[in-house]
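Below: one structure, written as structure tokens.
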Amino acid sequence: MFKSDDASGRFTNGFFWGNSYFVGSATECAYIGHDYTRSIFDQTQWNSTFSSLNTQDGNSLGGSKIIINSGPSGSNNLPITIPDTPPYKLGFFMMTVSINSSILTPITRSIHLGLCLPFSCTANDVYVIGKLAASDSTKNYSFIEKVRDQHNYYNIFEDNVFWALLGSSTVVLILMIAGTAYDYYLTIKVKRQMKSNVYDIERRTKLDRAINVSNFNQRQTLSNDEFSDATATIPITVGNIIADDIHNNDSNNNSSRKNNDCAMMSDSSEISMNIQELNVCEELLLSFSVRENMKTICDPSVGRDTISTVHGLRAISMAWVILGHTCIVIFKYSDNMEYRKVVEKKFLFQTITNGAFSVDTFFFMGGLLVAYLFFRTNAMGDLKKLTQGTRGFVSGFLKFMGLIIYRFCRLTTPYMFILGVVEVTMKWFNANSVFEPPTADHENCPNYWWRNLLYINTLFPVDQMCMLWSWYVADDTQFYVIGAVILVIATNHFKVAAFSVTILLISSWFTTGYIALMNNHMPSLDDPLALFDKIYDKPWTRLGPYLIGMSVGYLLFKTNCQIKMSKTTVVIGWLLSSACLLSLLYGLYEAELSPMTAAAYSSLSHSAWALGLSWIVVACSTGYGGWVNSILSAPILYPFSRVTYCAYLVHPIIIRLTAMNLDSPFHLGKDTVVIVFFGQVVLSYLVSFVISLAFEAPVVSMLKILAPKKKKRIQ
């Protein structure tokens, strides 16, 4: 009884400082009656030690008898026996009580009370006990909202989603092992074959030298280029190994290899090409090679015609997103939530408050890359492979479907896997954590997962959304469909496409402004995500940055990233861009906006952010980036940029795991958020690398193999 009461929560302190969690200790409740002491600690030593603290051995039932001295000289001793093992199994319950008293709090508050009670009790039993325990005066301003039992009623092994995840993970793991092993096998095979070829060439050269000196002299006239041409047929994966083996030999051997006749080199080339030729099944298996996929992700170089600045913007924006989501979760599960208001009054905290602009950066880059790569690919004639023998509407339709199918296949595989993980983990936490899940994924995902599969979940109410943060993926995919239509039209009717972009952009501005005005939306520090379901996640309010990105992508393609600007123009451009971005980040500090001004800000701020980024991308891509370009194009950021998609999908799960595995709430301090944030970044990227290697990278490789015309992937 005493131990279970000790494990239960009770009002302590901090209610007026935002503490709503009086949870006790679910862990202590679970370990009552369990022998968790080290075996090397003798029980007799424990008894003697306990006895020295004014206790004596318990009765025949086991346990300890504590002597309470109630008299002035210990004359009245009250023995109380605490059994080591409870006579019944214990369970942990979380009771949510709503308090509505103007004396205690100006707004309705919900407090969460942990209770360690017999396991045989049901949630309804605890509800009745709570009502009976409440005094008459308490009933006037408080009532029990609900009771959650922690009886582990969710059996993960009875969940079909869990078995689907386990089965798919097992299959992918086997393919990764097989693909990696086969990759190493081919590498060793080619290496040995080339060594054998070099030995045969040397042997035949010596034989020819002994038979016919004149022919040998003629063969000496062969140039080094011919040998390098023959070596160039070696696969890239093993070419460097063989080249190293060749150059490590002594100069005499090098000289003899350079003086081989054309027939020998032709034979060597044919052997190399035969080794290099693989059927489709072998290529698909190699798509799962961890070795090759890791080399691709961690490649410190990009193509000459690649917009390398995008890598830096993508990596930095992803860290910004993780920071914002970390703060949201920590603030929700803290025992001093009022401290948040103190922190939010600080000027630099607006960097976190206005973190929504990080998503606008993703939208901008999405439109930029789609337009730039489409126009460049179309100019190179690579899209004609899709439309051979067709013209007009059919040709455009095939281009459109090619873009959509590629996008769907690339995004959906890791997306659906993570969605399944979210469903299983949130079901488990809802049944076992002392905290309630921040969103109802345990209910929404089984019912509405198909909306995520079709990328239309933002068209429905937010309280029905599975994976709340997936709103960005849905919006970006919807924008991609709109952009694909515009780009296909632009190949033959550019003016019509340009007019469509203009109309869509203006319509988005007016729609957002109207919704903000009708709902009296005030962008402020107190509620940056207000009207989430009406403004924040809706595609018609976030389309602006994507369309601006498409326009910048076309500009860079049309100018081939070569724009000449005067020094004055460059300086003015950087000043205007910096002023635009900084004013959006920190311009609302202690600002009071009228309804019309607030509506205009809500309408134009996202597009204004994209305009500020436009100058950064254009300046860095055309040689006017300076140290900014050096930072954004740093090779160390490339691997993190390439796994951004998986990091975005995974990081909220990592943050939730951190919070909901706790036995008590966070306590906000000056360094709490910073320390937790860096831990979330490291762990999120570690997991995202694994997910990318297992699901994203193989799909990208397979799409290249199955494409009508294979080409080098654009980084």
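The backbone N, Cα and C atoms fix where each Cβ goes, and this holds for glycine too.
Just so it is clear, the model here is predicted, and its values are computed rather than measured.
Residues annotated as domain 'Nose resistant-to-fluoxetine protein N-terminal' in TrEMBL: 3-127.
According to TrEMBL, the domain 'Acyltransferase 3' annotation covers 310-694. Mean pLDDT of the predicted structure over the domain 'Acyltransferase 3' (310-694): 91.
The transmembrane segment annotation in TrEMBL covers 161-185 (among others). Beyond the transmembrane segment (161-185), the same-chain residues lying 6 or more positions past its ends with a Cβ under 8 Å from any Cβ of the stretch are 237, 282, 285-292, 417, 420-421, 423-424, 446, 693-695, 698.
For the transmembrane segment (313-331), the list of distant contacts is 337, 340, 352, 355-356, 358-359, 361-362, 365, 438, 469, 613, 616-617, 632, 637, 640-641, 644, 647-648, 651-652, 655-656, 658-659, 666, 668, 672-673, 676-677, 680-681, 684: same-chain residues at least six beyond its ends, Cβ to Cβ under 8 Å. Under the heading transmembrane segment, TrEMBL lists 313-331 (among others).
Marked as transmembrane segment by TrEMBL: 351-375 (among others).
Residues or ranges marked as transmembrane segment in TrEMBL: 396-418 (among others).
Among the features that TrEMBL reports, transmembrane segment is placed at 469-489 (among others). Long-range Cβ contacts of the transmembrane segment (469-489) within its own chain (Cβ-Cβ under 8 Å, at least 6 residues beyond either end) map to 325, 359, 362-363, 366-367, 370-371, 374-375, 396, 399-400, 403-404, 407, 411, 415, 419, 452, 455-458, 496-497, 500-501, 504, 536-537, 539, 542-543, 546, 550, 648-649, 652.
TrEMBL lists 496-519 (among others) with the feature transmembrane segment.
Marked as transmembrane segment by TrEMBL: 539-557 (among others).
Residues 347, 350-351, 354, 357, 523-525, 601, 605, 608-609, 611-613, 615-616, 619, 624 of the same chain sit 6 or more residues outside the transmembrane segment (569-589) yet have a Cβ under 8 Å from a Cβ within it. What TrEMBL records for 569-589 (among others) is transmembrane segment.
Positions annotated as transmembrane segment by TrEMBL: 609-631 (among others). Same-chain residues lying 6 or more positions outside the transmembrane segment (609-631) and placing a CB less than 8 Å from one of its CB atoms are 307, 309-310, 312-313, 357, 360-361, 363-364, 368, 544-545, 548-549, 552, 555-556, 559, 561-563, 565, 570, 573-574, 576-578, 580-581, 584.
Beyond the ends of the transmembrane segment (643-662), by six or more residues, the same chain brings 297, 314-315, 318, 321-322, 325-326, 329-330, 332-333, 411, 414-415, 418, 421-422, 425-426, 429, 433-435, 437-438, 467-470, 472-473, 676, 679-680, 683-685, 687-689, 691-692, 695-696 to within a C-beta distance below 8 angstroms of the stretch. As annotated by TrEMBL, transmembrane segment applies to 643-662 (among others).
Among the features that TrEMBL reports, transmembrane segment is placed at 682-707 (among others).
Beyond the ends of the transmembrane segment (351-375), by six or more residues, the same chain brings 307, 310, 313-314, 317-318, 320-321, 323-324, 327, 344, 403, 472, 475-476, 479-480, 483-484, 487, 490, 525, 528-529, 536, 542, 545-554, 556-558, 584-585, 588, 605-606, 609-610, 613-614, 617, 714 to within a C-beta distance below 8 angstroms of the stretch.
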